[in-house]
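Below is one structure, written out as C-alpha cells, with a few remarks after it.
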Amino acid sequence: MNIDLSRRGFLRLAGAGVAATSLGAMGFGGAEAAEQAHVRAFKLASTTETRNTCTYCSVACGILIYSKGDLAAGETAEIVHIEGDADHPTNRGSLCPKGAALKDTVHSQTRLTQPRIRRPGSDKFEEITWEEALDKIARALKDDRDANLIQKNEAGVTVNRWTSTGFLAASATTNETAWLTYKVVRSMGIVGFDNQARV
Amino acid sequence: MTNSWTDIRNTDLVIVMGGNAAEAHPCGFKWVTEAKAHRGAKLIVVDPRFTRTAAVSDYYAHIRPGSDIVFLMATINWMIQNDKVQWEYVKNFTNAAFIVKDEFGWSEGLFSGYDAEKRDYDKSSWEYVVGEDGFAQVDMTLSHPRCVWNLLKEHVSRYTPELVEQVCGTPRDRFLHIAGMIGECSAPDKTMTSMYALGWTQHSKGSQNIRGMAMLQLILGNIGVRGGGMNALRGHSNIQGLTDVGLMSNLIPGYLNMPTEKDSDWATYMSKKGFKPLRPGQTSYWQNYQKFMVSFLKAMWGDAATAGNDWAFDYLPKLDVANYDILRMFEMMDKGQVNLYFCQGFNPLLSFPNRGKLTSALSKLKLLVVMDPLETETAHFWENHGEHNDVDTASIQTEVIELPTTSFAEDDGSLVNSGRWMQWHWAAGTPPGQAQRDTWIMSGIFNRVKKLYQDEGGPFPDAILNLTWNYADPHEPSAEELAKELNGRALEDVYDLKDPTKLLAAKGKQVANFSQLRDDGSTMAGCWIFSGSWNEDGNMMARRDNADPDETGAYLGWTYAWPMNRRILYNRASADMQGKPWDPTRKLIEWNGEKWTGYDVPDISPTAKPEEVGPFIMNPEGTSRLFTRGMMRDGPFPTHMEPFESPIANVFNPELRGNPVARVFADDLAQFATSDEFPFVATSYRLTEHFHYWTKHNRINSALQPEFFVELSAELAAEKGIEKGGWVRVWSKRGSVKAKALVTGRIKPMQCGDKTVHCIGIPLHWGFMGAARKGWGPNSLTPFVGDANVETPEFKAFLVNIEPIKGEAVS
Amino acid sequence: MTTDPNLDSPRTAVSNPPIQPMPVNLGPGDVVRASAMPDLPAPTRELTPVAKLIDVSKCIGCKACQSACAEWNDTHPEIGFNTGSYQNPADLSDQMFTLMRFNEYENPETGDFEWLIRKDGCMHCEDPGCLKACPAPGAIVQYSNGIVDFISDNCIGCGYCVTGCPFDIPRISPTQHVSKKCTLCSDRVAVGQGPACAKACPTQAIVFGTKEDMVTHANARVEDLKSRGYDKAGIYDPQGVGGTHVFYVLQHADKPQLYSNLPADPKISGVVESWKGVTKTVGLAAIGLAAVGSVLHGLLSRGNRVTAEDDREAKELVEPSLPAQDKEA
C-alpha cells in the first residue's frame, strides 16, 4: 500500500467534507501526496489477437478477438476484449452497439454449459451427460423414423419422406456446420427443414 | 444483394423502403453516409415510422404498412408518364419487347386464371407467345399492344399520385417529390440503390413488394451497375449461406430444387430442367443443372450414387406439398402430427406468429431438442414465468433436451454476408463448460442413428448407411474438410470438354470452380455455387488483401464472393450494347473488342460478344423480366393486395382479403380480425440496440434498451389517455401484451381517403429469459399467415387495440 | 495498422490496437495543469492537441459509442427502465461516460420533422471548470494534448468537479466515492490509438485526430450541410471555456439548445470563482461542504495558490451575473 492509497482510505473513512479540510491539517503537501498523473495500463498488452466475424447481422463486420492464452497453440484461451478490425473493407474497424458488446454475449450469464433434460410434466431441467443425451436423441429419431417414414405414395412412387420429425437450422452457424447438418437431416428423409431465412 | 456493402459508396441516390438500414445494419449503412459525404448522394426514406435512418435522410415520407405495391407501381407509372426511362437498357436488357399471350389479363385486383375454390391461379395464360422456331416472339419497337412494355404501361396506369394518397396515406406532394428524385436516376450516368429488408418480406405479398422495386430499378437501368442494384440487407450473419446451402424445406444446395412427387424419377425430374434459350444465341446457364445436381448427389452418397441408380435420386425425400415450411410444421405439430422437433440455434417461440398456437403446438411434441449457446424461450416454453409465460407446466408432457453449443468466438468456418462474400473466421476462445461445436453434436447424433440401423435394420436405411462420412475424425469433421466438400473435387480425371487432351483436374484434386463439374459422376460438389472457394490454390475465403484499385469498392482480393468471386451480379449490364460503360466514371467491365475486362469478374462468358449475348445469363430469355411469366404464384406483375388484417378494403376489389392465393389454415382464418374490433394498424421491427432475442442476454445491450415498449403518436395517445412512459395493454384477436408507452412525433396519424389510420410500432426484442427486463414480442399478437410464394410470416401489418393500464411505477 | 512511433499524438481512431507491450506515451511530463497543485513542474514537451469531432448530422443514434465505451472501460451501466424515450441508461453515470440524448423537433421553417440525436459526454475543455473547482491535489489533470483526465487515486469524491463543469458531466460513484467521466480513452491515446467510441462509430459521426485536422474536417462537413439546405449549420467549439477537445458539427448551430439543452454559451460557474475569491469560506459552504475549523483556511489558501494563474482567467470568464448555482443536480 503506497502512501497515496492510505491517504485516500483515511479520507474516505473521515467523510468527504472533513476529509478535505483534514488534508491540509494532516500536513500532506499537495504535490508530494498526489499520485503522479498516469493513464490506465493498456489492457491488450500481451494478449493474443484472433480474426473473426461478427455473429449478428449479415454486414459481417471483421472483428478482432483478444484473449489471454492462445487457442491455436493449444492453450486455454479466455476472451478479454473484442473490437472492430480496421483492415476490414466493410466496417473499417467500426461496430454497432451489438458488435461492440460481443464480449458480453460470449460471457453471458445465461450461456449454456451443460446438457440438460426436462422430463414430461417436470418443472425443472436436470443435468445429464452428453452420452445420455445423444443416445436418447438417436433412439427417439430411429423409433419415430421407423414408425413414420413414408417410402412410397399411393401411386407407388418412391418418396422416402419423413414428416413427423422436423429440424430448424441456424443461420448464424457456419457454412460447414450447415453442410454437415444438411447431410444428416436430408439423409434421414426429413422434409420439415428450415432456417431463419423463412422468417 | 446484387451488389455489396462497399459498393453503396458509388451511388447517387439511396432509397430505404421496406427496411431500416441505419438501425438494423449500422456498419453497412456507413457506406450510405460515405456516398452522401463524398458523392453528394441523397437519401430517401419511406417508412411508417420516422426511424433513425430517416433521422439522417434528405427526404422522408410516411406510408401505411402493407401498401408498398401501390407506391411502387405509381412510381413506375410516373417514370413512364414522364419519360424517365433508360430506354436502351429497357429495350435490350429486359423482356419489355416480349409478346404475351392474348389470354393474359387483369381485372378487379385479379389476374386471369383465378380459382377462388383452390385459392390459386391457373397460370397458363401468363406466358410469352412462342413461335414455330421455339423462340419467344418479340417486338423491339415496343409498339405491339401485347408486348410486356405496353401491358405494364396499362397495368400501372391505375396507380396515380391520388391513389397513393388514398391507399398509402402518403401525401401527394411528398410522393411526387420522391418520384422526381428517383426519376433523375434514369439517366445512364445516375444510379439509385435500393436497400430493403424484412419491411418488405414480412407481408403476405412480400415477394411482390420486392418485384416492384426490382422492376423500377430495371426501368431506370440500375441493375448490374456500380451504385445500383437490389440490395436485400438480410438478417443473420449467415442467413445468406444457410439459403445458399439449401437448409430449407424445398431446396438443395446452390438453389437446386427438391423433387416433388410429380418428379417420379430422375428422367422426369431432369426433363423440367431443360432451360432451352428462349431467344437465339442466349446462354441460359441453368442448362448446366444436371452437372450441379449429379455432383451434389455424389457429394452426398459417393460410390453409392451411380448412373445405374440415377445417382441415388430416390435417396432424396420427395415433397407432396410445395413446402414443409415452419408455419406448416407448427400447424401439423398443433394437430399432433409431429413428434420430434430440433431447434439448432433457433428460437421459434419468439420468432413465429401467434405465440399461443406455438406453445400449444410445442406442448404436443414427444421430444424437443434445443441446441444453442444461450437459454432460449423455446427451450423453456414449459416453464411458468407468471404473466410472461403463463403455462400449466405439469400438464405439458413434452420432453426437452437442451444442448450447450459453442458460439462464433469458439468456432472456425465461413459465413456468407449479404453481398455474397464468404469470409473465413478462426476460433479464439475456449468453450464454456461442456459446450460443444454443432459439428460434434450432429456427428454424435448421426453416428448413433447409423449404428442403430446397422444393428437393428429398419425401413430404407440406404441413404443413412451410404452417406459420405470419410472424415479424419468421424466424431468431429473439421471445418476444412467440410469446406472442401462444399467446393467439390474430381473423382476421376476431368478433361476440358472442348479439348479432351487437356486435363483440368486430376482425380482427387479440388475443382478450380464450377465450370469443371460434370454430370457423369466424375466430380462431386456439395454446393456448386461455392466452387472456387477452396480449390487447389487453397482457402480463398481466408484471403485478406484489402487493396481496392481506383477505389471501386470491389475488393477482389478480400475473401471470396460466390459465384466465381464476382462482386456485382449481372455486371455485363453496366455497359451498353457496344460494351461501353453507361457511365465511364463508374466503369465496371467493358468489351475491348475481344473480351470483357475491368474491375470485376464478368458475369458472362469473357468472350461473349456484347451485341449477341444478353446480360442475364441465368434466364433463358437472356434478359431480365418485367413480366415474370408463371414463376410467382400471385401474378406476373405486382398488384395491390391489402394485408389480411387491414383497416381498408382493397380499392380494386372489396371482396378480396389479403393475398388471394396465400395459404391459410382454417383455424387461423377464424383468428383474423377486422378494424371494427381492432381499429389500429400495428407493425413490428428491430431496434439498433438489440439483435433479435440474443442480446437481451447481454448486460450492455440490456442497459441500452432495457424494457419492452410500444410506439404511438401523440394524437393517438391523447385520444386514449396514454401517457409517455406509462403502461399500456396492446391486444389482437390472438393475444395480449403489456408494454411501456413511447409517445412520439415520429409516428403520425395517416389520412387514407376518409379514414384516419393510426399506427402502433412494436419492437421485438423482449422475452422471459436473459438479462433485460421481462416482456413480450410482437409474435404474441401477429397472424399465422405467410407470403404466398415463400411463407414468410406477415409480421409487418396487422390489427390491434390499445388502452392505458396501471402498472408498477417507473422508478 | 499500427501507430507511427514518430507521431506524438494519434491521428486517427481507425487503427488496430497493439498487443505487444508498448511504452506509455502520456505521463506526468505531459501534464500542463493539475488540480490544487501550485508547484507543478513545467511539462517536458508539448504534444500536438487532439480532438474528437462529433458530427450530429451523421449520427444515427445507434449507441455503439455507449457500448464500446462500457466495454473498453469495463463499466457496468445499470439495466434500468423504459421511461418513454430511446435514451438509456436514463442519464450519465459513473458507469456510463457517454450517452445519446434524443430530441424531437418540428422545424417551423421547413415544416419538416427532425430527430436530433447528440452524443453527450466530457468535452475536454481547454479551460476545464472541473479542474479549477477541484480541491484534491492532482485528482484532475490536463495533458498538453488537451485531454482532461481524472486520477481516481487522488480523488476524494467531493463533487466540486460536478459543480464546476458547465456541461454537467462528471458523476460521483456511489460505491467507490470517486468522480468518473470520459477519459478520451487516455490509455488508448497513450499507445497511439483513438478513443473506443470513435473507432466503433459506424458512420464516422465521431472522428478523432489532431484538433487542427478535426476543425478542417468539420468545416468541410458544414459546407456539405449548407449545400443540403442547413443554412445555419456550424461548429460548436465554445470559446467560453477556451474551446473544447470534443466538439460538434450541428445542423442548427444557431440553436444548440435544440440538442437536448446543449448550452448556448457555456462558462465556468460563478461558484467556482466565488470559492476561489476572497470569501473562500463562504464559497465553500455554499457548495455544501461541511467546513470545519481553522484548518480550512490552510487548505483553501493552498488550493487557491495552486491555481493562481488560472484564477485570473477564471475571473475574466465568469460573468458576475451568472446565477450562483444553476448546475447543481
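The chain as shown is numbered from 1 upward.
Cβ atoms are placed via backbone N, Cα and C, with glycine included.
A TrEMBL annotation is a machine prediction, not a hand-curated record.
For the [4Fe-4S] cluster 3 site that TrEMBL gives as C:Cys122, C:Cys125, C:Cys130, the extra residue drawn from C:Cys69, C:Cys158, C:Cys165 is C:Cys165. The feature region 'Disordered', as given by TrEMBL for the ranges C:1-26, C:27-52, sits at C:1-26.
TrEMBL lists C:Cys155, C:Cys158, C:Cys161 as binding [4Fe-4S] cluster 4, and of C:Cys134, C:Cys182 the one it places in that same site is C:Cys134. Together with C:Cys69, C:Cys182, C:Cys185, TrEMBL lists one candidate of C:Cys197, C:Cys201 for binding [4Fe-4S] cluster 2, that being C:Cys197. Chain B comes within the C-beta cut-off of under 8 angstroms for none of the binding-site residues C:Cys65, C:Cys155, C:Cys161, C:Cys197, C:Cys201. Separating the Cα atoms of C:Cys197 ([4Fe-4S] cluster 2 binding site) and C:Cys65 ([4Fe-4S] cluster 1 binding site) is a whole-number distance of 4 Å. Comparing local CB density within 10 A for the binding-site residues C:Cys59, C:Cys69, C:Cys197, C:Cys201, the maximum falls on C:Cys201. For the domain '4Fe-4S ferredoxin-type' (C:146-175), the number of residues in each DSSP class (helix H, G, I; strand E, B; coil) is 8 helix, 5 strand, 17 coil. The two recorded residues C:Cys130 ([4Fe-4S] cluster 3 binding site) and C:Cys161 ([4Fe-4S] cluster 4 binding site) have their Cα atoms spaced 4 Å from each other. The record gives C:Cys69, C:Cys182, C:Cys185, C:Cys197 for [4Fe-4S] cluster 2. Within 8 Å of the mean position of their Cβ atoms, the other Cβ atoms in that chain belong to C:Cys65, C:Ala68, C:Trp72, C:Asn73, C:Phe97, C:Thr98, C:Gly121, C:Thr183, C:Leu184, C:Pro195, C:Ala196, C:Ala198. In this structure, the CA atom of C:Cys185 ([4Fe-4S] cluster 2 binding site) is 11 Å away from the CA atom of C:Cys122 ([4Fe-4S] cluster 3 binding site). Among the binding-site residues C:Cys62, C:Cys122, C:Cys125, C:Cys134, C:Cys165, C:Cys182, the ones whose Cβ sits under 8 Å from a Cβ of chain A are, in sequence order, C:Cys62. The Cβ centroid of C:Cys134, C:Cys155, C:Cys158, C:Cys161 marks the [4Fe-4S] cluster 4 site; residues of that chain outside this set whose Cβ lies within 8 Å of it are C:Ser35, C:Cys130, C:Ala133, C:Pro135, C:Ala136, C:Ala139, C:Ile140, C:Phe150, C:Ile156, C:Gly157, C:Gly159, C:Tyr160, C:Pro170, C:Ser179, given in sequence order. DSSP assigns C:Cys125 ([4Fe-4S] cluster 3 binding site) to a strand segment in the three-state reduction. Take the mean position of the Cβ atoms of C:Cys122, C:Cys125, C:Cys130, C:Cys165, the recorded [4Fe-4S] cluster 3 site; other residues of that chain with a Cβ within 8 Å of it are C:Met123, C:His124, C:Pro128, C:Gly129, C:Leu131, C:Val148, C:Cys161, C:Gly164, C:Pro166, C:Phe167, C:Ile169, C:Pro170, C:Lys181. When pLDDT is averaged over the domain '4Fe-4S ferredoxin-type' (C:50-80), the result is 98.
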